[in-house]
There are 2 protein chains.
Amino acid sequence: MQDRIHTADAEPGDDVTVAGWVHEIRDLGGIAFLILRDSTGKIQIKFEKDEMDEELVDTGLGVSRESVVSVSGAVEEEPRAPTGVEITPESVEIVAPADPELPLDPSGKVDADLSTRLDNRTLDLRKDDVQAVFEIRSEILRAVREQFREFSCTEITTPKIVATGTEGGTELFPITYFGEEAFMNQSPQLFKQLIAGSNVERVFEIGPIFRAEEHNTPRHLNEATSIDFEGAFCDQNDAMDVVEGVVKAAYEAIAENCADELEALGLEDEFEVPEEAFPRISYEEAIERINATGELDEQLVWGDDLPTEGEKALGDDVGGHYFITDWPSEIKPFYIKDHDDDDQLSTGFDLMHPRMELVSGGQREHRHEKLIEGFEQQGLDPEQFEYYTKMFKYGMPPHAGFGLGGERLIMTILGLDNIREAVLFPRDRQRLSP
Amino acid sequence: MQDRIHTADAEPGDDVTVAGWVHEIRDLGGIAFLILRDSTGKIQIKFEKDEMDEELVDTGLGVSRESVVSVSGAVEEEPRAPTGVEITPESVEIVAPADPELPLDPSGKVDADLSTRLDNRTLDLRKDDVQAVFEIRSEILRAVREQFREFSCTEITTPKIVATGTEGGTELFPITYFGEEAFMNQSPQLFKQLIAGSNVERVFEIGPIFRAEEHNTPRHLNEATSIDFEGAFCDQNDAMDVVEGVVKAAYEAIAENCADELEALGLEDEFEVPEEAFPRISYEEAIERINATGELDEQLVWGDDLPTEGEKALGDDVGGHYFITDWPSEIKPFYIKDHDDDDQLSTGFDLMHPRMELVSGGQREHRHEKLIEGFEQQGLDPEQFEYYTKMFKYGMPPHAGFGLGGERLIMTILGLDNIREAVLFPRDRQRLSP
């Protein structure tokens, strides 16, 4: 199919073959138009009924919407056509007919609920705005990886089948692995740390994570994309610098390379690249500011986790991305290091978007004996994690990192209502197929 | 840790702080050297025992190998030092001491078997040659994605938790998904086809696949990285063009960007980028040529699958990468389309490296009724795959694609003996941890 060109490449004066989907047929009586759509856009095919071969006219105008057709003919200028050109067809071939009863209308004129859309993703993705989300997703992945490489990171791949979870047995999907019990990994945490402790030093991974959470909300997925970083000889401030760079790189790449997609989403005017440094607000300041908003029924006290309404109030107050730093040690996982001068205060941080948490990170506990204590305090048996802890006996440098939720990043950048709109085939409590 | 610089950046005349692992201590009597190693290389730290503070000397020379130390001092030219410079230390801090009993020697002087290496990857990855494999792996992933984007592909992410396998229930790891039976996906095949049938048209994915194969060989993994492509309005020849471009791009990127890594692997002289077009040999010609080599005890006849020794004989004969095209339909999966003029002959192809198969691909069956027939012939219930087959009723264009084994690509490019050397934490029948 080497001779097919994209509709966007059809230039007046050329004889071309285009192929794509029948987007619409407009019959005005003596003249009629078939609007053909492909990945690059749409083009008008003109049928002058009385002047053209009857069979050609019947074929071209009798075909059902969303059928795949191949059209050969001459491209001419036509200022009244949507793209300024049209094709007068010499031949029309029906490559793949479509059932006239479509479960979903790809022209977007008839709304469909999310469940119907996800059941029929192939049709759903024929809509400009849905396609735009996934073209932007692809661009975000590209830009994020490029930015990690700018930060001297090596890309790694860690296993998704594991013997033990990162934080114990909760929220793990069990697998049968050749008769043995195993799990789908909920985070590359332990593995990326093991690599940061080698000569590779700085690593990133973008890959799937699996969480058997019962939550069924517009911001939770049971299979998600995690954007992970870990760096030796890094502290929490270095990790915050990296994540800030990565998030900004995603926005910048969209502004630079996705003008058409932003327009398809109606975001061309409101899309903004965050220019300012993301403020780094301590947990202590965060609860003071939340209390000062008066949005909560009860005042927060030191040691409380931040409720969703509290995060929302602070997000409105700050008005953009911000970090919350220096959390109480108790709230953060055991592998997050405490401050050297205050063991009630951890080096953990979150990166917040006004709508939700995007990132969790911090400097890691790199001292073997402290790590073992941490497992015990968490109620976990350190023996089960010996494959991990033993490497901390052989020169484990201080290191820091983070995990950034890929779909949450896309969702907040594009203002999507539901995280499922950022995934081709989401997995949740109800949805296992397609 | 903002003031630490890498050893490779230490310039004579500078006062610097470097941090890394104690690679070696060479005590010559009045003078002694600590060789410090980080991700960028090694540097010599000089101790003149009689002229320096006793505590400093004791600390610097008493530290065990593979401990993490931070050293501040003046960089001076020293032609006899391995990198032409050395540091006279003003302070030495032991950041993370290492147990003197190491389970593996990162200097590489003592050989370790693969199992010990995999059990201690953090130490194993402190060896230059092992680090080089994974730096090159990272570069291959970058180059392959860039090449896909050159071919106008959109990067996609498909689910790893699925309700049904690509080719039925064999070789799947079962999961318990909120009380329902589910599986870990063995291939993104069905999902990438569903997206190629939308406006997105050309897609690629690099992600994990899971196969419960009983094979335990140097070329099989139970969790592997699959490099997948699918393109609408593509036939098998277009797909072969794409995979040839992608494989060559990987070689070219290594030649251009990984000189140090090739040297660490001792490949600097023998590494070659394939320049010629990969020959496209029909299955029929392949069996003739294999028979002509006289390497097999029994002559192959049309319809036989190619035995490993046959592939080896042909690989030696061709002497480089080659395609085998036009396979008997019976040998290829049902979703591969037959030639229009001969339904015994499929459009399926394999890309072979002389050592092993790298790729399987072809044009796909895009006609709904033929696809349903294919499921039935395979003994599969089409009802179970309705989420997939129903989209073929709504204008599914002709499309083609392939799956390329990521680890096999790395293994053949670098001449690794065992595919486990191309993965940080391999998963096989025996190995589930780390």
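The backbone N, Cα and C atoms fix where each Cβ goes, glycine too.
No curator has checked TrEMBL annotations; they are predicted automatically.
Within the same chain, residues at least 6 positions away in sequence whose Cβ sits under 8 Å from that of B:SER360 (L-aspartate binding site) are B:GLY348, B:PHE349, B:ASP350, B:PHE402, B:GLY403. According to DSSP, B:SER360 (L-aspartate binding site) is assigned to a strand segment. According to TrEMBL, the feature L-aspartate binding site maps to B:GLU167, B:ARG211, B:SER360, B:ARG364.
Annotation note: B:HIS220 (ATP binding site) sits in a coil segment as assigned by DSSP. Positions annotated as ATP binding site by TrEMBL: B:ARG211, B:ALA212, B:GLU213, B:ARG219, B:HIS220, B:LEU221, B:GLU357, B:GLY405, B:GLY406, B:GLU407, B:ARG408.
Just so you know, the Cβ of B:GLU357 (ATP binding site) picks up 17 other Cβ atoms within 10 Å once every protein chain is counted. For B:GLU357, the entry in TrEMBL reads Mg(2+) 3 binding site.
Here TrEMBL flags B:GLU357, B:SER360 as Mg(2+) 2 binding site.
Annotation source TrEMBL lists domain 'Aminoacyl-transfer RNA synthetases class-II family profile' at B:134-434. Each residue in the domain 'Aminoacyl-transfer RNA synthetases class-II family profile' (B:134-434) has a pLDDT score, and their mean in this model is 95.
The region 'Aspartate' annotation in TrEMBL covers B:189-192. Secondary structure by DSSP for the region 'Aspartate' (B:189-192): 4 helix, 0 strand, 0 coil.
According to TrEMBL, the feature site 'Important for tRNA non-discrimination' maps to B:PRO82. Cβ contacts within 10 Å of B:PRO82 (site 'Important for tRNA non-discrimination'), excluding its own Cβ and spanning all protein chains shown: 13.
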If you count the C-beta atoms lying within 10 Å of each candidate's C-beta, which of the binding-site residues B:ARG211, B:GLY406 ends up with the smallest number?
B:ARG211
Measuring Cα to Cα, how many Å separate B:HIS220 (ATP binding site) from B:ARG364 (L-aspartate binding site)?
26
Nearest by CA distance to B:PRO82 (site 'Important for tRNA non-discrimination'): which of the binding-site residues is it, out of B:ARG211, B:GLU357, B:GLY406?
B:GLY406
Taking only the Cα atoms, work out how far B:GLY406 (ATP binding site) lies from B:ARG364 (L-aspartate binding site), in Å, as a whole number.
22
Recorded ATP binding residues, B:ARG211, B:ALA212, B:GLU213, B:ARG219, B:HIS220, B:LEU221, B:GLU357, B:GLY405, B:GLY406, B:GLU407, B:ARG408 - maximal Cα separation rounded to whole Å:
19
Highest CB neighbour count within 10 A among the binding-site residues B:HIS220, B:ARG364, B:ARG408?
B:ARG364
Mind giving me a neighbour count for B:GLU213 (ATP binding site)? Other Cβ atoms within 10 Å of its Cβ, every protein chain shown.
15
Going by DSSP, is B:PRO82 (site 'Important for tRNA non-discrimination') part of a helix, a strand, or coil?
coil
